[in-house]
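Annotated in Swiss-Prot:
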REGION    30-49  region 'Disordered'
SIGNAL    1-31  signal peptide
TOPO_DOM  32-136  topological domain 'Periplasmic'
TOPO_DOM  146-161  topological domain 'Extracellular'
TOPO_DOM  183-187  topological domain 'Extracellular'
TOPO_DOM  197-204  topological domain 'Periplasmic'
TOPO_DOM  214-490  topological domain 'Extracellular'
TRANSMEM  137-145  transmembrane segment
TRANSMEM  162-168  transmembrane segment
TRANSMEM  172-182  transmembrane segment
TRANSMEM  188-196  transmembrane segment
TRANSMEM  205-213  transmembrane segment
Amino acid sequence: MDYAKRIGQVGALAVVLGVGAAVTTHAIGSAAPTDPSSSSTDSPVDACSPLGGSASSLAAIPGASVPQVGVRQVDPGSIPDDLLNALIDFLAAVRNGLVPIIENRTPVANPQQVSVPEGGTVGPVRFDACDPDGNRMTFAVRERGAPGGPQHGIVTVDQRTASFIYTADPGFVGTDTFSVNVSDDTSLHVHGLAGYLGPFHGHDDVATVTVFVGNTPTDTISGDFSMLTYNIAGLPFPLSSAILPRFFYTKEIGKRLNAYYVANVQEDFAYHQFLIKKSKMPSQTPPEPPTLLWPIGVPFSDGLNTLSEFKVQRLDRQTWYECTSDNCLTLKGFTYSQMRLPGGDTVDVYNLHTNTGGGPTTNANLAQVANYIQQNSAGRAVIVTGDFNARYSDDQSALLQFAQVNGLTDAWVQVEHGPTTPPFAPTCMVGNECELLDKIFYRSGQGVTLQAVSYGNEAPKFFNSKGEPLSDHSPAVVGFHYVADNVAVR
């Protein structure tokens, strides 16, 4: 019996010595949407459970009792109990101290809904958030009128009590929303693989607080947001097509993106850390690891990322089946993710960068996206943005077929030209009349109704002080009005 006990203790020692668990990306879910394990429903209880799990039995390693020639065997019975237990306790303490540092988990923020009388104040209301590792959290809400901030009231955050007070504007009755960014960047720790390859990733989660002013919670929640798509010319300078040095101007692009609710960027290859340096957008997709290994990793990156005031989840990256010539030097493709609106329902968001040149290869890229949408977004609200490298006037253009087969509407066509697609729109860079290579398609779906209410070619807002563009593309923005089911009252 004593010998078996010693074997168990030695086995425990071996288990404790296995300090590292498999490194995982906690910044955002990366399972394919068809993977049953990648449910879009968050599980804050599981996410905030204590480190460790249920106790499991420990057994000796099979074959450990077989002597090896020339190797002295250690009799477990010769190891004093006190020494062995002290060693196990010491190594367990080391492990428990290291894991929260080298394998920290992202905090969890949950959506909230509160009611306040007309012209009244509610609070302090504690934020519904937790940190699985017990790290101190900070809370940030953007100023009134800013994207993601309250539009019809003032929010005051108390970091000490992890709570907020909301004061409604006089005379306003209706629904107001704001996003809260929850961060555990208050101590030295790393969030898995995302943290090792990008020190700014993995610390944050974001949730929406919905405020019903002068009324009770409703079955639906409506609001507005802006969606921008922008090819930021992020190849290493001077390979980039943009005429300006990329370090400084990529940082300037990131700063100016704060004026929008959601931004899908393409060619975010080599300067991602500069792009997010001045960003206030709390939900950001972690770049593919090679993007941080500039310039070696550039050929292995798709350059596609999303920055958002709404929570973005379930990221899936897909590369093109077909490419031609220099298009094959980088892993162009598309991303799929879900954007959570106030009320809890989600929109499927696609961000793409097709092959240049148009024709069969570009059309094959669009067919690949269409097939993916049909398999993974059936019946759901969808927004597709990106650098399509195609115009309606191009020979063999498949843009019309792409829209029709997926039930999508081109927001530029709808807002600027009514229901008719212009066959020969000007290809200028400045002006809403210009047909850009960069497009935004959308459709409504179960639980979410979308309507494009405005379109803008934002090129003048992305010039430097000399009137030079920060990229060789013009960013396009669409203002959306949404009506989403309130899942909290279903």
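Every residue, even glycine, has its Cβ placed from backbone N, Cα and C.
Long-range contacts of the topological domain 'Extracellular' (183-187) within the same chain, counting only residues at least 6 positions beyond its ends with a Cβ under 8 Å from a Cβ of the stretch, are 104, 106-107, 131, 133, 135-140, 203-204. Same-chain residues lying 6+ beyond the ends of the transmembrane segment (172-182) with a Cβ under 8 Å from its Cβ atoms: 107-109, 118-119, 127, 129, 137-142, 148-153, 155, 164, 166, 204-215, 218, 221-223, 282, 309-310, 342.
Here the topological domain 'Extracellular' (146-161) has long-range neighbours at 123-124, 126, 138-140, 167-169, 172, 174, 176-179, 211, 213, 225-226, 258-261, 281-282, 309-310, meaning same-chain residues at least 6 beyond its ends whose C-beta is under 8 angstroms from one of its own. In the predicted structure, the topological domain 'Periplasmic' (197-204) carries a mean pLDDT of 62. Across the topological domain 'Extracellular' (183-187), DSSP assigns 0 helix, 1 strand, 4 coil.
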